[in-house]
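Data first, discussion second: the structure below is written as structure tokens.
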Amino acid sequence: MAKSAAIGIDLGTTYSCVGVFQHGKVEIIANDQGNRTTPSYVAFTDTERLIGDAAKNQVALNPQNTVFDAKRLIGRKFGDPVVQSDMKHWPFQVVNDGDKPKVQVSYKGETKAFYPEEISSMVLTKMKEIAEAYLGYPVTNAVITVPAYFNDSQRQATKDAGVIAGLNVLRIINEPTAAAIAYGLDRTGKGERNVLIFDLGGGTFDVSILTIDDGIFEVKATAGDTHLGGEDFDNRLVNHFVEEFKRKHKKDISQNKRAVRRLRTACERAKRTLSSSTQASLEIDSLFEGIDFYTSITRARFEELCSDLFRSTLEPVEKALRDAKLDKAQIHDLVLVGGSTRIPKVQKLLQDFFNGRDLNKSINPDEAVAYGAAVQAAILMGDKSENVQDLLLLDVAPLSLGLETAGGVMTALIKRNSTIPTKQTQIFTTYSDNQPGVLIQVYEGERAMTRDNNLLGRFELSGIPPAPRGVPQIEVTFDIDANGILNVTATDKSTGKANKITITNDKGRLSKEEIERMVQEAEKYKAEDEVQRDRVSAKNALESYAFNMKSAVEDEGLKGKISEADKKKVLDKCQEVISWLDANTLAEKDEFEHKRKELEQVCNPIITGLYQGAGGPGAGGFGAQAPKGGSGSGPTIEEVD
């Protein structure tokens with residue numbers, strides 16, 4: 001067998017996508033529902049765990065135990081203002097565990113708490129399985145993408161999520177960089193080009209400026225808004241229709257979670273329709289207190305409802321241009337990424353800002369990031385195809401990195417947007433006479449004072465020989481590797497004594513043991529999911545068999561061919577089984593199978609005798625199909641809402 005391909009995963013806030021590079025091109029892989037993007041949702045019920053479409057589809061029925069937006073929690077502390085403000089909007093509960101946020105849900109009748117890494121790992125496991133189902137062999141190697149402004153601990157935590165999902169994470173790369181790679185393949189050999197990537201997704205907005213020169217990518221600047229995306233546009237529509245419902249029916253549905261959730265689903269659908277049509281209609285039966293809600297909305301009205309949000313997308317564009325020290329006339333290409341860039345008004349605003357420049361939308365905006373990640377995965381696996389041969393990837397540090405010097409001043413060694421991997425060294429000295437040691441405190445951020453920046457870690461270099469202030473020479477080196485992991489070393493030049501810290505943000509990070517434990521738990525949950533699937537198919541098989549038998553003996557065409565006694569025997573037994581099923585929906589697989597054997601012992605002799613007697617064309621048809629029941633015919637889908 002050829003060596004297995006590596007995959008690229010776009011782990012999104014609201015949706016995720018997976019791709020693979022094979023036979024010289026990228027394939028974006030559809031899930032079992034036929035969708036090329038999968039909701040980043042995980043749901044827990046009394047009987048099972050659902051991931052992706054299945055989880056999102058039942059959210060109206062089970063909002064407290066359906067988890068999404070794990071990407072907004074990952075790598076953050078519980079006390080982080082972002083976490084505190086986001087928590088107010090989520091229907092699921094977030095609890096504090098040693099200043100780490102955990103999501104608390106009820107699963108199989110027990111209260112369980114999961115780290116964001118675990119929730120994300122479940123989504124990653126789903127993406128891995130989607131790829132495996134398509135490729136037909138196990139997949140372990142993957143490139144996973146993160147937003148450009150993710151800091152060190154968020155990157156690390158994402159990597160941990162990959163490990164828990166059983167992946168070997170080849171590299172974590174920036175989403176815009178991935179989109180640029182997707183874009184760069186068809187753009188080699190044109191001299192240096194400045195590309196602006198405008199990524200408006202389901203929950204977040206990112207602007208990045210890259211320079212591409214002969215297959216080499218360099219990220220010049222990044223900007224964005226972590227809380228702007230398709231969901232905000234949905235919210236505007238929801239609020240609009242809640243008000244309309246009040247006007248029309250004098251009732252407020254906003255406190256009824258299920259009604260709002262059904263309305264939101266309809267709004268999301270309407271929004272998508274409005275990207276291609278100028279009008280969309282909503283029809284929701286019995287939305288609230290038995291009232292059917294039938295209404296419509298025009299594209300113009302939708303644009304007006306969201307006009308301030310749409311306009312606000314241009315501010316980060318201006319900021320990125322300033323950071324990259326480029327004028328808008330110097331941008332050669334504009335690339336659209338993220339489903340929300342399909343909105344005509346958003347495209348028009350961007351196009352007008354760049355004085356009518358053409359937008360590049362040849363890549364499906366939902367898939368561009370996974371596309372690039374798949375290419376990058378192929379490169380890292382040593383793919384020799386000429387399409388990827390000449391591509392080299394330079395990434396950047398999203399925030400300045402430095403240390404605290406006298407008076408709480410932030411002294412940056414690695415400036416924001418520096419190309420990584422990179423290494424910077426600077427000499428520092430002591431602040432007071434005979435100072436025995438120095439405390440090296442490492443920060444990330446753009447503010448002048450360290451108190452306004454984010455402390456990544458600290459360590460001490462002790463044993464400095466007594467000397468007047470300003471005499472000792474302490475050499476500090478900041479070294480970032482290709483994954484954005486930071487090593488800081490301090491060396492006393494006189495003694496050669498050194499100390500170092502690797503910032504994978506240990507305070508915010510999971511320990512090796514915790515990751516191990518989570519890997520095992522992930523396996524356990526996966527096994528439980530399998531058991532649950534088998535159980536359900538055994539139940540369905542029994543149910544179909546019972547109903548098939550019942551309808552067989554009640555068939556008008558069999559009158560006179562079966563004795564009333566036999567008929568009663570079969571019907572009574574079927575009825576007994578059907579009643580037992582209603583009372584024991586949660587029985588185990590072998591109980592269902594045992595019941596089925598019991599039922600077969602009663603039915604088979606009668607049915608076989610019946611058909612041998614009848615001898616008709618139907619003889620084999622029914623007996624052959626029935627014992628299979630539901631199990632052979634694939635999963636059955638129950639409609640929700």
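Every residue, even glycine, has its Cβ placed from backbone N, Cα and C.
Feature annotations, reproduced from Swiss-Prot:
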type	residues	note
BINDING	12-15, LYS71, 202-204, 268-275, 339-342	ATP binding site
COMPBIAS	617-633	compositional bias 'Gly residues'
MOD_RES	ALA2	N-acetylalanine
MOD_RES	LYS77	N6-acetyllysine
MOD_RES	LYS108	N6-acetyllysine
MOD_RES	LYS246	N6-acetyllysine
MOD_RES	LYS348	N6-acetyllysine
MOD_RES	ARG469	omega-N-methylarginine
MOD_RES	LYS561	N6,N6-dimethyllysine
MOD_RES	LYS561	N6,N6,N6-trimethyllysine
MOD_RES	SER631	phosphoserine
MOD_RES	SER633	phosphoserine
MOD_RES	THR636	phosphothreonine
REGION	2-386	region 'Nucleotide-binding domain (NBD)'
REGION	394-509	region 'Substrate-binding domain (SBD)'
REGION	617-641	region 'Disordered'
Cβ packing number for LYS561 (N6,N6-dimethyllysine), 10 Å threshold: 14
Alpha-carbon distance [ARG269 (ATP binding site); LYS246 (N6-acetyllysine)] in Å: 22
LYS246 (N6-acetyllysine): secondary structure state under DSSP, collapsed to three categories: helix
Most Cβ neighbours inside 10 Å, all chains, among the recorded positions LYS77, ARG269, LYS348, ARG469: LYS77
Secondary structure content of the region 'Substrate-binding domain (SBD)' (394-509), with strand meaning DSSP E or B: 3 helix, 60 strand, 53 coil
Residue among modified residues LYS77, LYS108, LYS348, ARG469 with Cα closest to the Cα of ARG272 (ATP binding site): LYS348
Whole-number Å value for how far ARG269 (ATP binding site) lies from LYS108 (N6-acetyllysine) (Cα to Cα): 32
Least Cβ-crowded entry, counting other Cβ within 10 Å, from the binding-site residues listed as SER275, THR341: SER275
Rounded distance in angstrom between the Cα atoms of THR341 (ATP binding site) and LYS348 (N6-acetyllysine): 10
Cα proximity to LYS348 (N6-acetyllysine), best match among binding-site residues GLY12, TYR15, ARG269: ARG269
C-alpha spacing of LYS77 (N6-acetyllysine) relative to ARG269 (ATP binding site), in angstrom: 35
Nearest of the recorded positions (TYR15, ARG469, LYS561) to LYS77 (N6-acetyllysine), judged by Cα-Cα distance: TYR15
Close in space, distant in sequence - TYR15 (ATP binding site), Cβ under 8 Å, 6 or more apart: THR37, THR38, PRO39, SER40, GLY201, GLY202, GLY339, ASP366
